[in-house]
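Before any comments, here is the structure.
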Amino acid sequence: MTGSDLEALLSSASREQRSSMRVAILYAILAAVSAVTLLGLSGWFITGAALAGLAGVAAVQAFNYLLPSAAIRLLAIVRTLTRYGERLQGHKAALLTLAAVRAGLFQRFVGAPDLSRASGDMAATLLQDVEAIEDRFIRTPATLGSLGGAGAALLLCGAAGWASALALLAILIVTLGASSLLARRLLPAPARQIQEAIARLKHDVVEYAVCSAELVAYAMRETVEDELHGRAAALDRVRFAFTRGEAMLAAFVTLMGGVAMAAVIGLSDASLPVTMLAGLAAAGAIEAIGAGVRSIGRDATVAAGIDRLSALVARTPEPPLQGTRLPGTRITIGTGAGVIAMQPGDRLAITGRSGSGKTSFLSCLAGLQDSCALAVCIDGRPLANCAAQDRRPLFALSPQDAQMIAGTIADNLRLARSGLSEAALWDALATACLADEVRAMPQGLMTWIGDGGTRLSGGQRKRLSLARALLAGRPWLLLDEPSEGLDVATEQKLKDNIIAWLDRTQSGLIVVTHRPAMLALADRQLTLAG
Amino acid sequence: MRATPPSLLWFADGAAAIAMAAALACAAHFGISAFDRPGFLASLAGLIIATILRASVQLAATGSGQKAAVTAKHGWRRRAFAAVLTAPAGSRTMLGEQVADATDRIEDLDGYHARFLPLRFAAVATPLLIAAAAAAASWVASAILLGTLLPFALGMILAGTAASRVAARQLDILGRLSGLFIDRVRALPIIIGFGAQERIGRHLAGATQEVATRTLAVLRIAFLSSAVLEFFAALSVALVAVYCGFNLLGLLPFPAPERLDLGRALFVLVLAPEFYLPMRRLAAAYHDKQVGEAAMQRLAALPSPLPEPSPALAPLLRPPAIRIEGLTVDYGERHVGPFTMDIPAGRMTVVSGPTGSGKSSLLNALMGLAPATAGDIQIDSMSLAMRSLGGQASWTGQSIALLPGTIFDNIRLARPGASDADVADAARRAGLLAFIAGRKEGLGTRVDTRGSGLSGGERRRIGIARALLRDAPLWLLDEPTADLDRQSVDLIMHEIRKASAGRTVLIVTHDPGIAAMADQHVSLA
């Protein structure tokens, strides 16, 4: 997905929330206009009152004080209510838009999976960057509202004469233009460098943490800590540069506020009350566009986030399954005399020392990995010519790490296939020798197993993973060390159950193991040299 | 709450605001009569000068806040880095959390120290300063400002309590959603393997939608407190404006408590919004507070940094005899042991066993880096609990720590005083010379944590060169020849055997060839 694709996703998601966004913008404009008018009108009122007071009783009698004083109170209330409405509607539009974007991003990501990057860390980055975009949506109404406030101030300044109004217009343009130039000069580089510095620091912390024993052995810890502090100081420096850039933008707005006030008052050719009205409104206008300027400042962070998100989902989606689906009726491993040819229902055990590539062979077959050290053909086609998504429907893998999703036992089992009945789940659990334990749990199938299944023991997780693979109903079952963490009696029972299941379903089996009981599942054995 | 430089600068921002208001009031004062043009213009110049002052103060305050954050973060990093570098080796899940503590959690403190703390002081002190300045012009207006504080405080307590209750719930909801996302991305292999993309995607879409709706319900209440703040900020302006206007007109419905003029009235009017500004700024930093406090809670649980144990306390003067008795290492999610074995002084012992049997844990335990829950290790009949082997062993582990610098410098880290000739000799014996012959800079090739293109074998050889250079009475080697081919293994083992003759050597390996060289071979079940 390119950056414009991501923008397309964003705009299609935001289209549905257009009405909320419009209401939010309307509220924002009302809030900004009433804020500007409140200050301006108050200044006009006080000045007018002072002049009338000086001019004597007749002037006081003639001064209409009821309308402005009522308007001042009304504006105070309108400002409060509209700002509340703006925030609520703005957040509504942003939250619902980004909810759709998050889901859309996930869909696109799994549509073109890059398994090498599927780590929790990456997911966290993804969340952070989406939050930055959410922030941009939340700020949109206030940014547009501030322009409304500026417009109102220009109108009020018009009463003070052309010179004042033109001066304010020029100052507004200069403020926005210079801020955006300044922001583009000062912020994008540090925003990017902050992310790089954090990534670098994290990388180094991990690198050194895994060497902790060596650091102790050679008394290197303090040297390494100094090195890490140096890295962290580099991060602090770029963060400082970024903060300073933001602060300069804010200070610039403050400065222009004073300049605008002085210019409008100085150039006014109207009466003193109108002059004060214009001056205070001008200050209000600059304060209002401060929100817009802050927004400009944040854009650097948002842009960096969008770049990262685009890169993350930058792969073209896998083409949908074509008619040439593999039947998976013949699998050959190796070449020449030692070749192993497997027909449906055949059972093979793979052994070999750790690091000999047993696990990666299985994940290769299952379509989770593309480079395989062994010469494997499926239906006569070399593995390299069988697309990963064509291989996946052939194999049900119970991986070595028995990966689980955070959810219930049923959630994890139902991952295998859609439309599974409860009876089927119990059946699979019984085959995997886990049914009794699950039945004993207070909530049975609905038991929450924690993040990554941490509330289960290693052995339970293994068997749950096996049950899930059984439920997938694929022609080939791939098991990686299925009996790890089991006692001998359960292991024997598990072996008998798996054999009975294989006999019944006529599924093929490839099992990676070094345990004798599990070797007995297979009629043939392949030892990887590594 | 302490007055730190950044908080005082934010306080000074209030003083600059007063100067701006005064300049404006002067302009209005001189503006009444057409003859005071110079005074009018001077006031406007004063206004601009006060604004320049205010902008500079704001710039300085932000910078100073960021400096304070750097200082605070440095203090936390000292603890977090030490903790992560002395953490029990061998537990990946724990490592992930510790790395997050040492990086992300510390970055979470940034806004707390840079913005929230300085603004918290200013939120209390600046309004009082503004009220005092306003009192000089109109004590009634000042009283109005202060008077709105009471209902404001009541409103904030009511709305704030409700808001903080729902804010905590919101954090919880959002946390669970991000947890769900992280979980599903991590579980991508099984999701794809079972073709469950559609189903999981639909589930996630439903969950995000639900979270958004629930968050909105929460925000309805959470925004009340900012509405209260907003309302009193607007109300104070309105009340001051109306009071001043009626006072100037002489139309107050009660006897006028003071006599105002235009300058005084405008002065207090312009100060009115400044009265609530610091509190609004603080409210904007509320997120920084939440994130920072959560991070601090986690970081406070880290142990205080200990200095590296000095080998001078109980130096190894000769090759030690080591006795391991009933040692059990417990990582929480799994445990290994108990181990019992004798490692004779001055001999080579090889330990082998299947993956997960705890071979590496044994070596880490000797370095004091394994969470041992039972049993004991004795060095020359003295418990390891009483002494440390830190800085006293020749070590080669699964991973090699590389510091930015040359390969030469990196080898020398094992024995900082070593002569150039000794370092070069160790490199030669570890077989590094042949390896780096292809590199222009040779041993002067610069490397860093990313390895700079070093292969696994080259890294491994740097580790071996360190062990050879260090030449300690005790050698602890974890799979010293992994990543190396058969011929190199033989050459390297020959060097190790020669150099470590007479030392106490403990090697952990799968390689039966190395086991055959040992004086003693221990097999772990």
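Quick reminder: no glycine exception, Cβ is built from N, Cα and C everywhere.
It should be emphasised that the depicted structure is a prediction, and the values quoted were computed from it without experimental measurement.
What TrEMBL records for A:23-267 is domain 'ABC transmembrane type-1'.
Within the chain carrying the transmembrane segment (A:24-46), a Cβ under 8 angstroms from the stretch's Cβ atoms is held by residues 65, 68-69, 71-72, 75-76, 78-79, 82-83, 85-86, 89-90, 92-93, 140-142, 144-153, 156, 273-274, 276-281, 283-285, 287-288, all 6 or more beyond its ends. TrEMBL lists A:24-46 (among others) with the feature transmembrane segment.
The feature transmembrane segment is assigned by TrEMBL to A:52-72 (among others).
TrEMBL lists A:150-183 (among others) with the feature transmembrane segment. Within the same chain, residues 32-33, 36-37, 40, 245, 248-249, 252-253, 256, 259-260, 263-265, 267-270, 274-275, 277-279, 281-282, 284-286, 288-289, 292-293, 296-297, 299-300 sit at least 6 positions outside the transmembrane segment (A:150-183) and bring their C-beta atoms closer than 8 Å to a C-beta of that stretch.
The transmembrane segment annotation in TrEMBL covers A:247-268 (among others). Residues 157, 160-161, 163-164, 167-168, 171-172, 174-175, 178-179, 182-183, 186, 274-276, 278-280, 282-283, 285-287, 289-290, 293-294, 296-297 of the same chain lie 6 or more positions beyond the ends of the transmembrane segment (A:247-268) yet place their CB under 8 Å from a CB of it.
Here TrEMBL flags A:274-293 (among others) as transmembrane segment. If one looks beyond the transmembrane segment (A:274-293) by at least 6 residues along the same chain, the residues whose Cβ comes under 8 Å of a Cβ in the stretch are 32, 35-44, 46-47, 139, 142-143, 145-147, 149-150, 152-154, 156-157, 159-160, 164, 168, 171-172, 175-176, 179, 183, 249-250, 252-253, 256-258, 260-261, 263-265, 268.
Taken from TrEMBL, the feature domain 'ABC transporter' applies to A:307-530.
Restricting the average to the domain 'ABC transporter' (A:307-530) gives a pLDDT of 84.
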